[in-house]
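Working notes, structure below.
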Amino acid sequence: MPRLLIAASGTGGHLFPALSVADALPAGWSAHWLGVPDRLETTLVPERYPLTTVNAGGLQGRGLKKVVQLLRLLAASRDVRRLIRRNGIDVVFTTGGYIAAPAILGARWSGVPVVLHESNAIPGRVTRLLGRACTQVAIGLPAAARRIPGCKAIVTGTPVRNSFLQTQTLPDWVPQGPGPLLVVMGGSQGALGLNRMVRPLLPMLLSEGCRVVHLTGSNDPDVNSIKHPGFAERPFSDAIPALLQHADLAISRAGAGSLSELAVSGTPTVLVPFPQAADRHQDANAACAAALGAAVIVHQHGPSEPTLRQTLWRLLGPRLRSCDSAADPLVSMAQAMGTLAEADADQQLAALLQGLVR
């Protein structure tokens with residue numbers, strides 16, 4: 001029975017692709033999860049896989065602080081090596097983040113192959129520092145390859161949840177009607193800035209017949225400020241697969257996970273990169289979609305600036321005016337977004353892991 005150690009921690013962007021890969025493995029495989037205390041995995045993972053946690057963190061400090069962090073990394077790597085030996089692990093898979101460093105070092109010290117998945121167009125610090133130590137680096141976007149010279153890189157795409165690959169029905173709370181459906185979602189971080197940019201424009205779109213679903217996040221002080229039969233507002237929703245499949249247009253941040261979900265759904269999108277993202281990696285992610293004609297990039301700006309308003313009217317205007325498809329830019333955008341998709345990314349990664357087991 002092949003044994004896999006999955007090191008994925010912190011956010012849905014790290015956890016959900018790893019869960020998809022674990023689900024794609026054939027019967028007969030067993031998986032053990034490596035995470036960090038008090039993170040999302042401690043609630044999502046234990047009901048499905050045995051979970052071991054280690055204290056892992058970054059190396060951003062200086063002087064004594066950095067020495068302490070380095071010692072903590074070495075201790076965590078030692079713990080991972082013990083875990084690998086105790087459980088007879090055959091291969092390690094990690095999706096990056098803080099937990100990836102001790103997972104990679106522990107695997108190499110144990111002589112076990114390790115696969116690192118990098119979802120962003122600009123690889124993270126762990127990928128840049130330790131990618132060469134990995135047996136294989138799987139990348140979600142082709143643009144990442146040139147930024148990690150010396151790594152054994154292969155393009156697999158970023159796995160999405162199975163619900164995105166199945167036809168979904170819109171829930172009853174979504175506004176009904178003939179007008180185009182606009183879905184606004186800010187993701188787990190950065191929703192507030194996006195909301196402040198988008199919300200002043202929604203009354204105009206609603207008055208023209210557009211239907212709008214706005215996923216605001218949990219900390220927006222201006223929720224319930226818009227009342228309209230064509231408008232629905234929620235902090236979060238489990239119906240994102242259905243929303244994206246049926247949306248005429250989405251407004252979204254440009255995280256790698258969101259971009260993969262938009263791609264497999266074929267959803268034309270206005271991408272607003274989160275300006276505080278590390279290394280501005282969301283700008284690079286968005287550029288990959290824009291280069292294909294699948295998305296339009298609008299950088300975050302104040303509500304009085306016209307850029308987003310002009311973009312939305314250019315994209316949605318033909319459908320609001322019932323023009324023929326030849327004048328509709330969303331048709332070609334949807335087709336282009338589909339070319340960005342790697343719907344079988346989980347299967348590709350599962351096959352890669354299987355090929356590394358002796």
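Each residue, glycine too, has its Cβ placed from N, Cα and C.
Database features, via Swiss-Prot:
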| type | residues | note |
| --- | --- | --- |
| BINDING | Thr11, Gly12, Gly13, Asn120, Arg161, Ser188, Gln282 | UDP-N-acetyl-alpha-D-glucosamine binding site |
Cβ packing number for Gly12 (UDP-N-acetyl-alpha-D-glucosamine binding site), 10 Å threshold: 16
Binding-site residues compared (Thr11, Asn120, Gln282) - the one with the fewest other Cβ atoms within 10 Å: Thr11
Cβ-Cβ distance under 8 Å to Arg161 (UDP-N-acetyl-alpha-D-glucosamine binding site), same chain, at least six residues away: Phe16, Leu19, Ser20, Pro241
Number of Cβ atoms other than its own within 10 Å, given for Gly13 (UDP-N-acetyl-alpha-D-glucosamine binding site): 22
